[in-house]
Amino acid sequence: MSHPAGVSPDTPDRAARAFVHEFSEGSKEQKRLLGGKGANLAEMTNLGLPVPPGFTISTEACRYYLAEGHEPPGLADEVDRHLARLEAERGKRLGAREDPLLVSVRSGAMYSMPGMMDTVLDIGLHDGSVAGLAAESGDERFAWDSYRRLIQMFGKTVLGIDGGLFDAALDRAKRDRGVRSDLGLGVEDLRELVAEHKAIVRDRSGREFPQDAREQVDMAVRAVFESWNTDRARAYRRQERIPHDLGTAVNVMAMVYGNLGPDSGTGVAFTRDPATGRPGVYGDYLRDAQGEDVVAGIRNTVPLQELEDIDKHSYDELMRIMARLEGHYKDLCDIEFTIERGKLWMLQTRVGKRTAAAAFRMAAQLVDDGVIDLDEALRRVTGAQLAQLMFPQFDRRSGITAFAHGVPASPGAAVGAVVFDSAEAVARDADGERVILVRQETSPDDLPGMLAADGILTSRGGKTSHAAVVARGMGKTCVVGAEDIAIDLERRRFTGPGVEVGEGDVISVDGTTGAVYRGEIAVVPSPVMRDLESGRDGEAGRGAEGAAGGAGEEPGADGESGVVHAVRRLMRHADDVRRLAVHANADTPEDAARARRFGAHGIGLCRTEHMFLGERRRYVEDLILAESQQQRDKALEALLPLQRDDFTGILEAMDGLPVTIRLIDPPLHEFLPDLTGLAVKVAVARERGAPDAGDLRLLQAVRKQHEQNPMLGLRGVRLGLVVPGLVAMQVRAVAEAAVARTRAGGTPRPEIMVPLVGGVEELELLRTEIDAVLADVRAAAGVDVPIAVGTMIELPRAALTAGRIATVAEFFSFGTNDLTQTTWGFSRDDVEGAFFPAYLDKGVFTVSPFEALDEEGVGRLIEIAVAEGRAARPGLVIGVCGEHGGDPSSVRFFDQAGLDYVSCSPYRVPVARLEAGRSAVTASEGGSDTR
Ligand code: PEP
Ligand code: MG
């Protein structure tokens with residue numbers, strides 16, 4: 001980012017800094033200081049395009065205002081000076097009785113926030129200057145029309161009056177006159193409307209509409225500053241992950257008038273179709289109107305092409321300018337313009353927002369056109385856009401309306417019969433029925449049901465609740481926190497506004513929008529997903545080039561094949577340039593195989609806990625209840641062959657690539673029955689006579705195992721150290737599986753990973769046991785399969801003592817889920833639904849630290865651990881396997897922190913590959929933002 005001399009926002013010398021900048025002083029690189037609009041107005045001015053003169057009050061002034069509650073000292077003088085310059089340039093005086101200068105005051109933040117912030121046009125009009133404007137323009141109607149617009153806009157945005165009151169007055173005037181459009185109102189009507197608007201201002205704000213032009217400017221500027229913190233602006237920023245502390249700039253520009261009659265007008269245009277990326281003329285034009293009318297939809301616009309007939313000269317000039325802008329920005333530009341009596345003025349341009357499909361198509365196409373190179377193309381697409389292209393979507397033409405809305409937690413479109421518990425989901429799924437699991441919240445117990453379901457709907461919880469996190473990990477459609485619905489488990493039904501839905505009834509859940517519909521809505525499959533899953537793109541498709549070309553996909557700019565081709569091309573480039581490897585979190589052979597098709601180069605985290613569920617639970621129960629070593633061994637012996645088969649399957653699916661198998665992590669009580677349920681069962685049995693002895697023993701054990709804070713309790717490495725034989729069984733299963741795969745001609749590359757290590761002593765103790773088992777299997781089998789033993793770094797203490805831990809660990813993998821929990825002291829499952837919404841709202845963070853890595857805190861621990869770990873053991877392989885491994889912004893951090901790989905759920909592997917590539921090409925470039 002470059003700044004003009006002396007105005008870097010980081011310069012401590014505030015006195016030397018200017019808060020106001022002429023358009024001619026800035027450039028498009030200065031969005032942080034001048035906002036997007038100001039920076040691009042400056043760029044257009046310097047390109048010599050017809051931009052009305054003006055100046056920008058910097059975001060810095062806004063930040064000062066918001067922090068201190070008043071304008072920075074000196075701002076008023078600076079504005080005076082720049083207004084004087086503007087007056088001199090236009091040969092008019094602001095608010096003068098004769099030939100007054102009018103200005104617009106418009107917000108413009110670093111990132112565009114469409115419709116979120118304020119604009120006021122026609123500032124400078126008052127009872128005294130309206131006649132001067134009429135005389136100068138020779139159009140009395142125009143002058144009064146501008147005045148009524150000013151009062152309306154000022155009243156609404158600056159004085160906070162309900163805009164509906166002004167609209168109602170305008171509608172009334174049209175009705176009284178018997179006209180359909182505001183163009184049918186005459187001078188007298190508008191004069192009356194002005195009087196009415198002024199009365200509304202008086203009634204609602206308790207003050208007269210300000211008659212001093214300079215006061216109008218100051219009030220409007222302040223209102224723009226304050227609009228940064230409106231609820232809707234904050235909500236938008238939360239959604240878009242835009243920091244709350246950037247502030248907005250304010251642009252003050254000489255007015256040009258689109259409402260000066262039929263040879264005037266205003267319009268918006270795109271240099272390409274933002275939905276498809278196709279070049280062409282896209283836009284709307286409205287005659288005899290001011291900017292806001294186009295978006296407000298008060299009259300019907302005409303397609304931009306018709307401007308050619310209306311005003312060919314302006315149309316031709318606009319086409320030339322659009323071509324020039326696209327050539328200059330080398331991207332789709334979005335433009336606002338006004339024609340004042342046949343003279344074209346450019347009011348705004350920016351690199352336009354686009355759909356995900358258009359982003360990919362356009363980037364690839366601009367490469368084909370020789371406008372940009374592949375590195376730049378990669379900077380122009382995002383992992384979030386790719387994720388959007390991967391999910392199936394509802395056919396929006398269906399016309400059915402949603403009966404409830406929740407938080408869109410995991411995108412996609414799911415249709416199925418409602419079920420209320422895991423067992424029912426599993427049973428119906430086994431019968432081939434598609435189901436939606438509807439729960440108040442989910443817990444690890446619901447896992448089988450979540451796996452069986454096509455979609456998940458919860459009435460409580462946020463974006464990082466258990467349901468949301470697990471569903472995203474599975475790539476499963478999920479809507480959480482749909483608070484409109486009330487679940488009645490007893491009657492097996494839920495109610496929502498005006499509906500009652502019973503078990504077995506079909507609903508449709510849109511994980512992209514959060515909408516829930518009754519009945520079945522048609523789903524359109526994603527061609528990008530089909531292609532990625534086929535493994536024909538990029539990395540996974542290497543060597544299968546012929547197949548990619550011969551798959552019946554005609555590479556072209558349009559349609560589905562155009563998107564598929566573009567995605568394939570950019571993925572290929574991302575794989576070529578990225579340094580960071582991408583592994584997957586997978587614990588079944590199916591997931592491993594899928595991850596491989598998606599381009600994963602190994603498994604970074606194979607969680608072993610699900611291998612203890614279902615049928616196998618009873619062995620864990622036996623293990624916990626065992627009263628002798630003999631009983632314990634019996635339970636472990638029963639588990640050993642099952643585990644061995646688990647690992648053999650996974651190693652086969654990932655043959656030749658590393659498979660990091662993590663020893664059991666969660667507290668054992670998670671595998672025992674629920675305390676309350678069991679206590680009730682025993683109590684009821686006691687009422688009726690004698691409870692079952694087994695149940696009694698189990699209840700005792702469950703009580704004994706109960707923990708206040710299981711997250712910080714007997715789990716991870718601690719389990720291995722206190723439950724005899726458990727780790728040995730798992731390690732033996734891994735080693736024997738590796739031997740079996742080697743004998744079968746495979747190339748197994750298992751690694752053993754110890755979770756939740758806090759100190760090197762824990763790891764040392766466990767390693768002694770692990771090494772002994774490995775040596776034993778090796779000796780017995782006569783086959784030497786090297787198996788590295790490493791650890792997760794998921795406690796702050798582990799990160800801070802990483803140098804010592806690295807003397808014992810052969811690799812590190814950051815468990816950023818637990819590292820975030822323990823660094824912040826947040827229990828994820830408890831805090832997300834409880835107070836995260838308030839935290840996000842208050843700006844404690846812009847995005848949940850469980851979603852995007854907290855670089856400042858958790859990231860710092862990671863940097864320390866990387867440096868100290870590698871100092872102690874040069875070349876130490878380091879990865880990350882927490883949720884953040886698949887989060888686009890976090891991937892970049894991990895790349896820059898020097899990690900070797902990120903590991904994420906199979907469905908996020910393509911996103912991580914793309915983001916790793918983007919990180920490689922933006923690191924050298926200094927960062928690019930496609931937001
Ligand atoms: C982690 O803590 O980041 C991790 C991967 O482990 P889990 O989520 O299984 O605790
Ligand atoms: Mg963990």
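Numbers here mean position along the shown chain, with the first residue as 1.
Keep in mind that glycine also has a Cβ here, set from the backbone N, Cα and C atoms.
Per TrEMBL, the features are as follows:
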- H466: active site, tele-phosphohistidine intermediate (ACT_SITE)
- C881: active site, proton donor (ACT_SITE)
- R607, R662, E794, G815, T816, N817, D818: substrate binding site (BINDING)
- 530-542: compositional bias 'Basic and acidic residues' (COMPBIAS)
- 76-300: domain 'Pyruvate phosphate dikinase AMP/ATP-binding' (DOMAIN)
- 306-358: domain 'Pyruvate phosphate dikinase AMP/ATP-binding' (DOMAIN)
- 433-514: domain 'PEP-utilising enzyme mobile' (DOMAIN)
- 567-916: domain 'PEP-utilising enzyme C-terminal' (DOMAIN)
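Between the C-alpha atoms of G815 (substrate binding site) and H466 (active site, tele-phosphohistidine intermediate), the distance comes to 17 Å. With DSSP states grouped into helix (H, G, I), strand (E, B) and coil, the domain 'Pyruvate phosphate dikinase AMP/ATP-binding' (306-358) comes out at 26 helix, 17 strand, 10 coil. Under 6 Å, Cβ to nearest atom of ligand 1: this is the test, and of the binding-site residues R662, E794, G815, N817 it is passed by E794, G815, N817. For the residue listed as 'active site, proton donor' paired with T816 (substrate binding site), the C-alpha to C-alpha distance reads 7 Å. Under the three-state DSSP scheme, G815 (substrate binding site) falls in the coil class. When pLDDT is averaged over the domain 'PEP-utilising enzyme C-terminal' (567-916), the result is 94. For ligand 2, the nearby recorded positions are N817, D818; that is, of R607, N817, D818, C881, these have a C-beta under 6 Å from one of its atoms. Residue density at E794 (substrate binding site): 26 other Cβ atoms are found within 10 A of its Cβ, drawing on all protein chains shown. Rounded to a whole value, the Cα-Cα separation of T816 (substrate binding site) and the residue listed as 'active site, tele-phosphohistidine intermediate' is 16 Å. Cα to Cα, R607 (substrate binding site) and the residue listed as 'active site, tele-phosphohistidine intermediate' are separated by 16 Å. On the backbone, the CA of D818 (substrate binding site) and the CA of the residue listed as 'active site, tele-phosphohistidine intermediate' stand 14 Å apart.
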